[in-house]
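All remarks here apply to the structure that follows.
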Amino acid sequence: MAKYTKEDIINLVKENGVKFIRLQFTDIFGTLKNVAITDKQLEKALDNECMFDGSSIDGFVRIEESDMNLRPNLDSFVIFPWRPQQGKVARLICDVYKPDGTPFEGDPRHVLKRANADAKELGYTMNVGPECEFFLFETDENGRATTNTQDKAGYFDLAPTDLGENARRDMTLALEEMGFEIEASHHEVAEGQNEIDFKYGDALTTADNIMTFKLVVKSIAQRHGLHASFMPKPIFGINGSGMHVNMSLFKDGKNAFVDENDKNGLSKVAYQFIAGLLKNIKGMAAVTNPLVNSYKRLVPGYEAPVYLAWSCKNRTALIRVPAARGAGTRVELRCPDPSSNPYLVLACLLQAGLDGIKNNLQPPAEVEANIFAMTEQERKENGIDNLPNNLYEAVNYMKENELAKKALGDHVYGNYVAGKAAEWDDYRTKVHDWELENYLNKY
């Protein structure tokens, strides 16, 4: 049941003195976009009459077919708590439509809605709980980000060593005021690294929340004179930032991953879901780990998952099944990072899990040993493959994965692969500091 009507939104804007409304949407590479309107244009926007030029957005459309229409999701209305009390700013998350009234196939939100519809046909809905890590960096005198962390704290440390505590507290308060249910907020393993966990929700709500979360974290950090970065590996030699994704399927109001008679407490559906993820993850890594930099995080030795295996306890495996059982039974995929587009990530992961269910796939045996300590020969003997080593490999695996194409649709798939291939080529042809340090004086 909808929380707000059109009239509710108009009244809330008037009663709260809102003067500006951001109509937000996301491009295929996960960048948040918005069209800002004044309160005078609100009714027009709520009547789905707000147009924008889609040819200016990465991966959307060509200039000759550029007209796009924004349709606000009324229940996403929220007032930004950190903006001025005079002339407040609110936002509405929008779906992108074509002028003929059909959903735009290049809208990441639409991609996830299609995946949800496929799950619904089988009687399932997916709940998701993300764990978003980020760094807080100092800025220079011009306000530009540095890689100087403002503390030397470690996992679960607190003030005075955790100098990000005040910023993290204000982020938490702002998120709660915007309707988030915050479950935990703490310093992470690396210096300057933080994590704020919020309650799980259905896949679409969670993807919306991840985009909102990143906006709030960056905005509040800026007010503290800091820069919040969701770059996966900004500093060599310390842990990078991940976005572990916890997933469960529900059917008829019950967790479909539960079987109390199984030795692990897992149902046949849970094992099939795990098998589908393991089968397809290499072909979807360019989505879950979309940057050149993403693969600097995915190396052994920094708690990041590299090897394709699953376990109930073993954190060196790509997929872990946390200890909670009953309604809390879930599967945790540990490779995604927070630079990814959450709509595309969840669409791909859901379709991969459904692929396992539809085709009755079975996962390999659980791996309980420390995979990082295994030799290459031992991993080979145990049938343990690894994720792509870089974005180039990930893009090539994606080109071979039919399910990734199905999950994203032709439009997003084609533009995404082309964009990531170009990104790798741009990186490949640049001269980097490492080359200068090692070669300039030597040769």
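Just so it is clear, glycine is given a Cβ too, placed from its N, Cα and C backbone atoms.
For His244 (Mg(2+) 1 binding site), applying a Cβ distance below 8 Å and a minimum sequence separation of six or more within one chain yields Pro130, Glu131, Glu332, Leu333, Arg334, Pro336. The Mg(2+) 1 binding site annotation in Swiss-Prot covers Glu131, His244, Glu332.
Following the DSSP three-state reduction, the secondary structure of Glu133 (Mg(2+) 2 binding site) is strand. For Glu133, Glu188, Glu195, the entry in Swiss-Prot reads Mg(2+) 2 binding site.
DSSP gives Arg315 (ATP binding site) a coil state; it is part of no helix or strand. If you take the C-beta of Arg315 (ATP binding site) and look for same-chain residues 6 or more apart in sequence within under 8 angstroms, you find Glu303, Arg334. What Swiss-Prot lists as ATP binding site is Glu183, Ser248, Arg315, Arg320.
If you look up Swiss-Prot, you'll see Asn239, Gly240, Arg297, Glu303, Arg315, Arg334 marked as L-glutamate binding site, on the strength of similarity to another entry.
The domain 'GS beta-grasp' feature in Swiss-Prot is assigned to 16-101.
Annotation comment: Swiss-Prot describes 108-443 as domain 'GS catalytic'.
Residues or ranges marked as site 'Important for inhibition by glutamine' in Swiss-Prot (evidence: similarity to another entry): Arg62.
Cβ neighbour count for Gly240 (L-glutamate binding site) (all protein chains, 10 Å cutoff from its Cβ): 24. Local packing around the Cβ, expressed as the count of other Cβ atoms within 10 angstroms, is greatest for Ser248 among the binding-site residues Asn239, Ser248. Long-range Cβ contacts of Glu183 (ATP binding site) within its own chain (separation 6+, distance under 8 Å): Asp197, Phe198, Lys199. Taken residue by residue with DSSP, Arg334 (L-glutamate binding site) is part of neither helix nor strand, so it is coil. Considering only the binding-site residues Glu133, Glu195, Ser248, Asn239 (L-glutamate binding site) has Glu133 as its nearest partner by CA-CA distance.
Note on proximity: of the binding-site residues Gly240, Ser248, Arg297, Arg320, the one nearest Glu133 (Mg(2+) 2 binding site) is Gly240, by Cα distance. In terms of C-alpha distance, the listed binding-site residues Gly240, Ser248, Arg320 place Gly240 closest to Glu195 (Mg(2+) 2 binding site).
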